[in-house]
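S.K.: Handing you this structure, nothing more for now.
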Amino acid sequence: MCGIVGYVGSNLAYPVIIDGLKKLEYRGYDSAGVALHMGNSIEVYKKEGKVAALEESVHGKNVQATIGIGHTRWATHGEPSDRNAHPHYSNSRNIAMIHNGIIENYAQLKSELLQKGYTFKSDTDSEVLVNFIEDIKINNECSLEEAVRIALKRVVGAYVILLLDKDLPDTIIAARKGSPLVIGVGENAHYLGSDASPMLAYTKEVVYINDYELAIVRPDELILKNLGNERITPFVQKLDMELAAIEKGGFDHFMLKEIFEQPQTIFDSLRGRMDAEQQSITLSGVDKIAERLLRANRIIIVACGTSWHAGLLAEYVIEELCRINVEVEYASEFRYRNPIITDQDVIIAISQSGETADTLVALENAKKQGATIFGLVNVVGSSIARMSDAGAYTHAGPEIGVASTKAFTAQLTVLYLIALKIAQLKGTIEATLFNRLLADLANVPAYVKEILDDQHAVIQAIARKYSDARDFLYLGRGYNFPIALEGALKLKEVSYIHAEGYPAAEMKHGPIALVDEQLPVVFVATKDSYHEKIISNIQEIKARKGKVIAVVSHGDNVATGLADDVMVVPHVHEIIAPVLSVIPLQLLSYYIGVYRGLDVDKPRNLAKSVTVE
Ligand code: M6R
């Protein structure tokens, strides 16, 4: 939700900032803007739309500055427009600020400022904050740093803010609470970003800023303080990420690249963790809290969106293999509904970004009540990873496409390992089943490659055939039910077609009324213990003239004979099947989005990292 970039050094800031904003566009693309310190003044350029529109509007203007800040917006307060775009000036134009987050008490602060005669050009909470800071600076005759510190003690909400001050030609002031901020350490230069991607071309030395920390950033100096004005020693880490990982590498879209990366990313999720020959799983995060897991009353899985779908599958798998009661919660509901949590509960938080605001707050609440937090996160060093008691990274690499694909299959892969590891520790799994599941898991990267190789053209043709449909229904049973939900979500996100995911048998209790010859119904119908039942469900749809598209196991002539179109996946144990059956659905959504002429990497209204509630 909004990307922020900053640069202070000896080179020109503008190209670094524009390049960084393009890397962060996945976080929001309603508008973009930059503020450059020109020596005697701060110049702000901003424009509704994507970063390309900003670049075009700045063309020919003076951008000869060596310090600046930039923003790409996902609108919260105020519609996407030039005037609501960041950066925002203070009334005197002496301060410019960018903000990622939400200032919840902005209305109160605004009314105080209005009484003092301040005026506002935008509808944003951010413009209120920059003026609130300016007001404190003037009244207290203090430095910007001091004014920010005082202001933030009154602010309720989440933020990363970067500020330029006309009186400070070589300094960016930054602060965070609840939204991510990374500072890259270069040679006589510092780079600031919502994640490390804007600085990857220049440095691999980074400092992750924590909540309630304030940074004073100059070309040759990075001072970190807490809000009590005490100095903190910056902890410099080395990034384990290559530039190629955040580029399209010859694919038309990041989403397609990420779908095709899955044989490798799933392999990376398994690497060093599973030894099929030794029949062992190494997960240090599980070892760390093994005792807690073994005596846990229940496991509560907390997540949002696609990560929640991974959690739903984990519920089925953990309950089956480990015989532990599992509950799966939408973080946004869980955080507000006063759930009963004890120190006997283990929470598994699933998040690609590790920054999703609802998940983060839900975890903070659960932690206060004594629960143990296990984070399953993709982004290394992210907030959820750092606040967890133990965890495992998914190792999917940077996911840029807003619609999650490779992060999801990496989540499933690690969740399988977690379930198998706990089951082995608890003694709730037979050796033969353990070995079978391990063997299937070891083959998943090759099977995914097989699907991508063999089914790519088939799925393109199916996508073209149905790309004009108005609605879709996705149905699955048992382990494939979460995949039906995920397939529907993927289609909605990138094609804007209305799609519903449903348990296949539940369809009779309502959605069947939607079925007519216009409605494509996607069945996730790989061979499992419910296969005969789902075949009956297919018959029920066919009897009502619905169009059936089915994901089927290799060699399943019955489902293939019934369906209008099929997407074939290798046959594996039913517990492992979902990580394969989702692959055709990702491709189907991708191509339907492309055939509808849409920007599948940046679907309207969405953002990759949802750091507001
Ligand atoms: O970063 P997270 O996994 O916490 O994000 C959760 C959801 O916002 C995310 O999965 C969202 O639903 C994706 N756009 C799905 O493709």
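Backbone N, Cα and C atoms are what each Cβ position is placed from, and that goes for glycine too.
Pulled these features from TrEMBL for this protein:
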type     : residues : note
ACT_SITE : CYS2     : active site, nucleophile
ACT_SITE : LYS608   : active site, for Fru-6P isomerization activity
DOMAIN   : 2-220    : domain 'Glutamine amidotransferase type-2'
DOMAIN   : 289-428  : domain 'SIS'
DOMAIN   : 462-603  : domain 'SIS'
S.K.: Could you give me the DSSP helix, strand and coil counts for the domain 'SIS' (462-603)?
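M.R.: The composition, in the requested order, is 69 helix, 29 strand, 44 coil.
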S.K.: Just to verify a number: CA distance, LYS608 (active site, for Fru-6P isomerization activity) to the residue listed as 'active site, nucleophile', in angstrom, no decimals.
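M.R.: About 9 Å separates the two Cα atoms.
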S.K.: Averaged over the domain 'SIS' (462-603), what pLDDT does the predicted model reach?
M.R.: 96
S.K.: Could you count the residues of the domain 'SIS' (289-428) that DSSP puts in helix, in strand and in coil?
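M.R.: Across the domain 'SIS' (289-428), the residues distribute as 65 helix, 29 strand, 46 coil.
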S.K.: In terms of DSSP three-state secondary structure, what is the assignment for the residue listed as 'active site, for Fru-6P isomerization activity'?
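M.R.: The residue in question, the residue listed as 'active site, for Fru-6P isomerization activity', is coil (DSSP, three-state).
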S.K.: Around the Cβ of LYS608 (active site, for Fru-6P isomerization activity), how many other Cβ atoms lie within 10 Å? Please give the count over every shown protein chain.
M.R.: 26
S.K.: Taking the Cβ of CYS2 (active site, nucleophile) as the centre, count every other Cβ atom within 10 Å, in any protein chain shown.
M.R.: 27
